[in-house]
Amino acid sequence: MKLRSIYVCSKALLWRKTHSDWLGLNMNFSHLKYSHYRAVSRTPIKSNPTLKSKGISIEAVESRGWVKEPVSVMFKVYCLSVMTLVAATYTVVLRYTRTVSSTAMYFSTTAVCITEVIKLFLSLGMLTKETGSFGRLKASIVEHVFWSPKELLKLSVPSVVYAVQNNMAFVALSNLDAAVYQVTYQLKIPCTALCMVLMLNRSLSRLQWFSVFMLCLGVTLVQWKPAEATKVQVEQNPFLGFMAIAVAVLCSGFAGVYFEKVLKSSDTSLWVRNIQMYLSGIVVTLAGVYMTEGAQVVEKGFFYGYTPWVCFVVFLASVGGLYTSVVVKYTDNIMKGFSAAAAIVLSTVASVTLFGLQITATFACGAMLVCVSIYLYGLPKQDTTKLPRADTDKEARQKLITV
């Protein structure tokens with residue numbers, strides 16, 4: 001009986017070694033008994049005494065994604081559909097307002113500024129819901145905004161970068177078709193991957209590196225001989241559009257990884273971080289309006305050229321990004337890959353219908369390569385840190401023999 005207890009405890013030690021990282025708790029189990037290991041694995045999170053003894057709140061566990069909330073397949077399909085429609089509709093409608101709409105051209109810098117203002121109010125609403133009362137909301141804002149100038153300065157970095165990215169999107173879609181933009185913009189994947197390797201010390205699998213090179217090849221084919229649109233009413237510069245996308249994807253990769261690093265450096269709420277970033281973003285975008293189109297805005301008005309379609313673009317840019325960040329925790333990388341591929345298909349169909357896009361063989365091949373590469377990049381990496389069951393049992397028996 002004693003030998004069996006030693007054997008069971010040795011297996012428990014191996015289980016702890018191979019599964020503590022999977023739990024995501026980063027806890028020190030060295031002083032706990034086997035019954036505590038069993039409690040971690042079998043006791044529900046909300047009543048887990050091990051978490052309580054460690055001072056880890058249920059909110060911290062859920063907010064950091066340590067525990068996946070069970071969701072139905074239909075809800076995942078709903079999330080996938082919304083993400084796809086937002087991505088495709090935004091590019092198509094923005095392209096329409098910049099090239100086909102017969103009304104006076106609006107100032108893109110003011111649209112970016114208004115987007116930041118709307119995001120700020122939406123984040124305030126979400127923080128109010130998270131804190132539960134206006135008193136806690138006020139205390140949180142005073143603590144993290146008015147008394148944290150260093151944090152505001154830290155979040156001003158992605159604010160500037162995102163402001164440049166959003167303005168580059170308007171420049172790109174003024175000179176490139178929505179489908180070409182949608183395909184080329186997927187270069188954000190290798191840019192983000194490179195920033196993750198350099199800034200977060202993460203590694204990519206061979207399959208992910210292969211998919212990155214495949215994606216670059218697909219984008220090269222798409223840009224080799226860009227598809228032309230016959231219903232566009234303004235003069236376009238494809239090279240300027242491509243350079244704008246290049247700047248946008250570099251900004252997207254850096255700002256996304258920088259923001260992730262800031263989030264993981266403290267326990268501050270996501271919505272507090274968003275408020276800090278959007279406050280800086282409003283200042284940055286207002287400065288951009290003044291420096292680039294200040295005289296014209298003073299002469300014609302801040303909302304000059306605004307139509308219901310322009311307001312719809314601002315709405316999609318404001319709500320779409322926040323909504324995607326909320327529902328993304330319910331989906332995996334494969335579903336996000338399908339969403340990006342479906343957005344490319346929808347953008348292509350809309351471009352053919354609305355803008356008279358003429359599909360070429362190089363565009364079709366390039367778009368297909370990009371879709372496949374997105375899927376391959378999102379496949380889960382094989383976890384080689386866990387020992388196979390046979391090897392685990394063998395090692396446990398070896399420990400028993402040694403004892």
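Numbering starts at 1 and runs along the chain as displayed.
Backbone N, Cα and C atoms are what each Cβ position is placed from, and that goes for glycine too.
Note that the coordinates shown come from a computational prediction; the quantities given were computed from them, not determined experimentally.
Pulled from TrEMBL, these are the features on record:
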type	residues	note
TRANSMEM	73-93	transmembrane segment
TRANSMEM	105-128	transmembrane segment
TRANSMEM	207-224	transmembrane segment
TRANSMEM	239-259	transmembrane segment
TRANSMEM	271-291	transmembrane segment
TRANSMEM	303-326	transmembrane segment
TRANSMEM	338-355	transmembrane segment
TRANSMEM	361-379	transmembrane segment
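Between the transmembrane segment (105-128) and the listed ranges 207-224, 239-259, 271-291, 303-326, 361-379, the one holding the most Cβ pairs under 8 Å is 271-291.
Under 8 Å from some Cβ of the transmembrane segment (207-224) lie the Cβ atoms of residues 180, 183-184, 186-187, 189-190, 193, 242, 362-363, 365-370, 372-374, 376-377, 379, 381, all in the same chain and six or more residues away from its ends. Note on the transmembrane segment (239-259): residues 157-158, 161-162, 164-165, 168-169, 171-176, 180-181, 184-185, 187-188, 191-196, 199-200, 223, 273, 277 of its chain, located 6 or more positions outside it, place their CB under 8 angstroms from a CB of the stretch. Ranked by number of Cβ pairs under 8 Å to the transmembrane segment (338-355), the listed stretches 73-93, 271-291, 303-326, 361-379 are led by 73-93.
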